[in-house]
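Listed in Swiss-Prot for this protein:
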{"type": "DOMAIN", "residues": "553-679", "note": "domain 'G8'"}
{"type": "CARBOHYD", "residues": "Asn352", "note": "N-linked glycosylation site"}
{"type": "CARBOHYD", "residues": "Asn365", "note": "N-linked glycosylation site"}
{"type": "CARBOHYD", "residues": "Asn413", "note": "N-linked glycosylation site"}
{"type": "CARBOHYD", "residues": "Asn481", "note": "N-linked glycosylation site"}
{"type": "CARBOHYD", "residues": "Asn639", "note": "N-linked glycosylation site"}
{"type": "CARBOHYD", "residues": "Asn838", "note": "N-linked glycosylation site"}
{"type": "CARBOHYD", "residues": "Asn979", "note": "N-linked glycosylation site"}
{"type": "CARBOHYD", "residues": "Asn1003", "note": "N-linked glycosylation site"}
{"type": "CARBOHYD", "residues": "Asn1017", "note": "N-linked glycosylation site"}
{"type": "CARBOHYD", "residues": "Asn1253", "note": "N-linked glycosylation site"}
{"type": "CARBOHYD", "residues": "Asn1334", "note": "N-linked glycosylation site"}
{"type": "SIGNAL", "residues": "1-20", "note": "signal peptide"}
{"type": "TRANSMEM", "residues": "97-117", "note": "transmembrane segment"}
{"type": "TRANSMEM", "residues": "128-148", "note": "transmembrane segment"}
Amino acid sequence: MNYFKYFIFVVFLFFTIVKCEQLLGEIEISNKNFAIDASVVDTKINYILDDTIKTPKLIITSIKGDATNINDIITVSEDKSTVTFGDFTELSSSNKLVGFNWISMLIASLLSIGLFATTTTTNKKSSIIILIIGFICLSLMINGIQSISLSDVSVKIEIRVPSNYQFESFKLKLNSGSSNIVGLIANSIEIDSCSMVKDHSITIGQLVVFSSLKVCSSLDIKITNLGLSPSNTIAELKTTRNIDLQFSNGFSGSISIDSPSVTLDPGCTTTISGQTTTGTCNGGSSSKLSISAGNSAIVRNLEITCPIDNSWRVTPASSGPSTNSPSIFTTQPATNFNYGKSNLVFMAQWNNVSLLDGPVENSFNITYVTWSPNSHWLVSKDPSPTLKSGVNYEFSLELLLGQPLGEYTSISNVSIYFFNPKDITNPNGNSRYFQYSNKPPLYMKTFSGANFISNSNFIKTSITFSPTKDIGSAVFALQINRTAALTGPSEISISIKDMKITIPSKSITTPSNILSKDSELLTLPRPSTLLDPQDSSSCTYKQTDLVHWHNPSTWASGFVPLPSSNIILPEGKRVLISPCSISQTEVYKKITIPPTSELVFSDSPMTINVQDIYVQGKLTMGTNTCRYNANINVIFHGNKTTTDTIAQYFGSKGIAVASGGFISVQGKQYHNTWTKLSTTAWTGDYVIYVQDSINWEVGQQVLITTSVYRDESDNQNEVMTIAAIQGKVIQFTKPLRYYHYGGQEYQAEVALLSRRIVFRGDGNGQEQTDSQSFGGHVLVNGEGQFSGIQLIRMGQTNIKARYPLHYHLAGTVKNSYISDCSVTNSYYRCYTIHGTNNVSLVRNVAFDIRGHCYYLEDGVEVDNNIWFNFASYVHPIGKPAGGPSQTGEIFQQSDSLTQPADSAAGCYYITNAYNSLVGNAASGGWSGFAFPNLDKPIGNHRTISIIPSQFPLKEFTGNTAHSSGYYFEEGGSIYVGGNLTFNEATQLLTYNSGRFSRSTYFNGTKKDGNERWMRFNNTKIYLSNRGIQHWGERVEVVGLESHDSIRPSTLFGQAWLSNAIVNGQSGNIVSNQGRNRQGFQFYDTYVQTILSNINFRNFIKDPDSENPESDNRVIISMTHSDVFKPQGISATKQITLTNVASSQVIGHRVVETGSSRYFNFIDWDTSLVPGRTAVGAPTLVGSHQNWWQYDATCSYNNDWLCWVCDKGDKEIASISVLVPGLIESGYTNQEEDSYVGTASLFGNGITNRRSTNITRNAGITGVSNMGWYLWFSTGTPTSINIWVAQVIKNNYLFVAIPYPANTEFSIRCAYRWNNKFNYNFVLANSASEVRNGNGTRYYFDQTHLFIKAVNLALTGNEYFERGGAKVYNVFWEFNIYIEASNKNVQPVNGFYTGIPDTLPSGNL
């Protein structure tokens, strides 16, 4: 125990002595003849280019030893040419202090040990001896601390120099350690690590030597990218080990190599004598290379591949494919879909069993606990392959019993099932309880036999099955049934191997159902079929005034700049880069192109690794008439930073083009860049057929988009590689995993992702770039032309202005475009227009994008052309925006969500609608096309005095969107809504994804006569939630095809939908997952909606629907509210129905709300409600209440739960009866059952009650030119205000209200906005006189007050008309005020109570 205590004290003493790394000091290098003599110390030397300094310097840090001050171990010569490490006996004051501290610590520690020993040891004599020995040791240490032993010292030396700094001479004399020297430039260099016979590893890169290079080491010597002056340079390398030397651009001179193993690249003529190799390289010169290597010598890149003659050009790349396509194969091989532990889950009625690895490859094991159920399921977590009816498929597995066959191990049979996903427990959910509905499976088959009996060998069992109908979206399950009721008292197991479904091989023949057009109704615009004309004589790289990058004379320094330096092109020169000009592996730190300079790339395959390129002048890598055919890779390097390393405000890791600069990067044109299937592609297919001519190539990557609704949670987009291509037929290297629809209704898009010119971030899915989501970026503040580029892993997540391709604050440009490019796997957006106008984005594609893709940033961007582009698989950043009903969800700007609208990331994000969008397609995303509301510009344009949301669409024609809108209940594939604001106080953006309305005007200027409609022309929507979701005041949708969407559109304000096909169910077998489809839902208040010339088709009854609104109906009522009540706001005309049963035409849900009671619309030509006697005449449809049964033409439809009547001379009328303290104006949100009376029809021969309830929420809607009897259960109010909201010109309401006898009245009409329409009612002689009058008289028959409600302020032009149908305006603030008084009857709290509910005469 005592020894353990001593040990603890020794450990304590050790840790008090050990020191950490310590900076000793810095030394400025002012002499270009510089040497370091470190022959007596261990050194770790790093040569670093540092452009933050102007004068070279040494930074010396102690790693080990006693030194704490640079002067203790270093002397510097007076001329500062030599730094020498030495062993000095006189210490600096600081080291003396350290010595004193050490002594003090040692005394304290030894005294503690002595004290400890004397108090814990019974042998006092031995304790005293211990203490004496300690003091002797202390005395020796005190004597020794007067000097430092440099053999125990290790230092780190950083030699920091500015880029392109050149030494006259540079010498290192080294002891043990290591040196990493990159970017050293000198006339002569000498590195000696041999003299001290110590091991010092040496790595050298990017070395430039003009006169002499000498390197000697006892370890390996490795030098990469060595540049020697072409004449009079001597290089001597010596080691007892190995030498690996690589020249940057060859070597010209004599060589002498002494080594038992020599490897030389081509370029030299040599002779060998013993182990000595001598000769000349590249014609020889006065330069000499001498190598002595004890083991081996390797010399690379000896040949001079880059001549410096200005007329020399590398051979340009060919425009032809790198590989000629083989023929499309005639027989497609069979395809297996394998199942195993990773994609199956055990499910049963009880017990939770995990699948474990099996005994052999491709096998898994199931161990049943005691008394498990006799039946269980193996359910696939992946969608099943789609299966064609009538095709023979094979299911097979190999099974091994874990125990001998017995009572509890016997398997009676196995069944395969295909279930509708909604009918069973979700295999990807948390529950393992297998439950399915009473609906039959899509398909099942049982098989049994003797192959389930072996516990010694796997025995294969297979069955052939042939579905009787096509199976689309399905879950595959395998049911295993045992003979015994339970598994018994002991655990048992089985193993399954090679479980799979096999799709048989088939012959490849041209299908008979190839499409000749992509739409039935619409003509979607397509780009020109012509390729851009090319003229090879115009190629910039052929021009004669170019100078070569690799020619030392190009550079003022006389040498080719090193990759690790900040490279600035010489002013006024046009510099040509060829593949041999640059290192293909080293990372170039920064290249700057001054305003008068140009950097031109050759049209030849090359790779340039770079951190930053700053273009103040011009960068040319192809032009519009000379598009490059070479495979050129530009790889951007760098870890995440917010420091501006390119230039101020321009970020890091990319290309920035300054104002006044110009960039042109234009690769081979592939056309079309995207197309569509011309027939459906099935699971297992290798071959697809497309609609358009294409010039794609073998080896390129192709995307086929999803044909399902939710592409984010069920990603069925597939990236394939072309194996063969002939015309419009493409064969892939592997079979398709999913089904991709290509019917007449719509077709999956097929997009080319590959390009010959590639910009990419340096990550590969595993490196730091990917984990930091920090790729490269291209920013253009001047003019820029880009075509034929693929950008991979570009963009920098949540860093503003760091996007793959980005026009940044360039104003109105004259000649800028991005054409036929591809952005894939982007960390932040795809194509951005920011503070820039007149840009063209044409024929581009994008796939797998984080945040908004095509992105117009601040709300000031106008007059841009966005034509024929494609975007797919776009991901919201963070939590996707959801929220209840119309309110949406609010997101605040944060470090993890710099642009809060990225919570609703769309394929196209348009902050100012005054741009041209033609022929684009959007697959996936929160929405396909997003038009957020901005009351002010944001970002750099907050002071611009416009209202972006007031600008109408400049052009929106022929665009397509699908597989989107599902994150939010009210989300749409085209979403005009949401609100983005900037808070001046917090300096943060806020985004609300919900309902925000916009009103649009000419030039964005609000004034009378400037009103403009948001117009969507020839639009196709499919697999969508709301299709077009428009929250605004004015919208026209003309030309629409909607297929397999929950609802084709939700349109607010004055809205017209015309010339459309609305298809509830297409032929896509993976789209029908039991979702409710609605043709159109009429809104419940204050809008004007007209539907005209629409074909509704394939709305099929759902026997399991909960109510009519969820039963695949064509027209749906909105019935959720008593606060919001419809006026006469909806109309239809020229409606046709195809494959729609009569029961499915209208879906009206009967609930006790005003919106349910007052549901109505006008069918202006009886086309939607056929079977009327007055064929072609207008028909009025009203809700379930007989309040709408106004004449003998009315009939009740039991399927629709609505009254249908000939309209005749009637119109929809609406008033608000306002009573102080009972029914107030506005949205008072009273309860739905807050009944205060009834409104009943009277007159016109009506004698029975045809009524509707009045609640405390204002508003009654019914039929005009009828008698409306208003009765209040609380008693008749003494004061009533009737707002005549919608009684159109030449129409009226004959209103009756009961009062006690002898009541007197003061009745007046007032129009808030023009008092010339104000008047007082006068007493008439009869009720009929009132009804037949002009609306200025009243009559009281001692039971009922009669007035005629008309609106004399109307001109007759108060309506919205489109497509031959009208919807009349709501007219604001035209009111009739009734004041009643009675000398005989006193009101109670303003009400005359106890008044009988007596219906006026039916003869009135």
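Indices start at 1 and increase along the chain as displayed.
Heads up, the Cβ atoms here are built off N, Cα and C, so glycines get one too.
Keep in mind it's a predicted model, so treat the numbers as computed, not measured.
Structure coloured by features recorded in Swiss-Prot.
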residue	record	contacts (Cβ under 8 Å, 6+ apart)
Asn352	N-linked glycosylation site	Phe346, Arg432
Asn365	N-linked glycosylation site	Leu355, Leu356, Asp357, Gly358, Pro359, Gly402, Ser493, Ile494, Ser495
Asn413	N-linked glycosylation site	Thr446, Phe447, Ser448, Asn481
Asn838	N-linked glycosylation site	Thr812, Val813, Lys814, Ser816, Asp863, Asn864
Asn1003	N-linked glycosylation site	Phe951, Asn1010
Asn1017	N-linked glycosylation site	Phe956, Thr957, Gly958, Val1038, Gly1039
Asn1253	N-linked glycosylation site	Glu1152, Arg1157, Tyr1235, Gly1237, Thr1238
Asn1334	N-linked glycosylation site	Lys1348, Val1350, Leu1352
Checklist outcome for this item: Across every protein chain in view, the count of C-beta atoms other than its own within 10 A of the C-beta of Asn639 (N-linked glycosylation site) is 12
Checklist entry - Within 10 Å of the Cβ of Asn979 (N-linked glycosylation site), how many other Cβ atoms can be counted across all chains shown? => result 22
Item to check | Other C-beta atoms that fall within 10 angstroms of the C-beta of Asn481 (N-linked glycosylation site) | outcome: 15
Item to check | Integer Cα-Cα distance in angstrom, Asn639 (N-linked glycosylation site) to Asn979 (N-linked glycosylation site) | outcome: 34
Checklist entry - Should Asn979 (N-linked glycosylation site) be counted as helix, strand, or coil on the basis of DSSP? => result strand
Next on the checklist: Can you break down the domain 'G8' (553-679) into helix, strand and coil residue counts using DSSP?
Outcome noted: 5 helix, 52 strand, 70 coil
Checklist entry - Any idea what the model's mean pLDDT is for the domain 'G8' (553-679)? => result 97
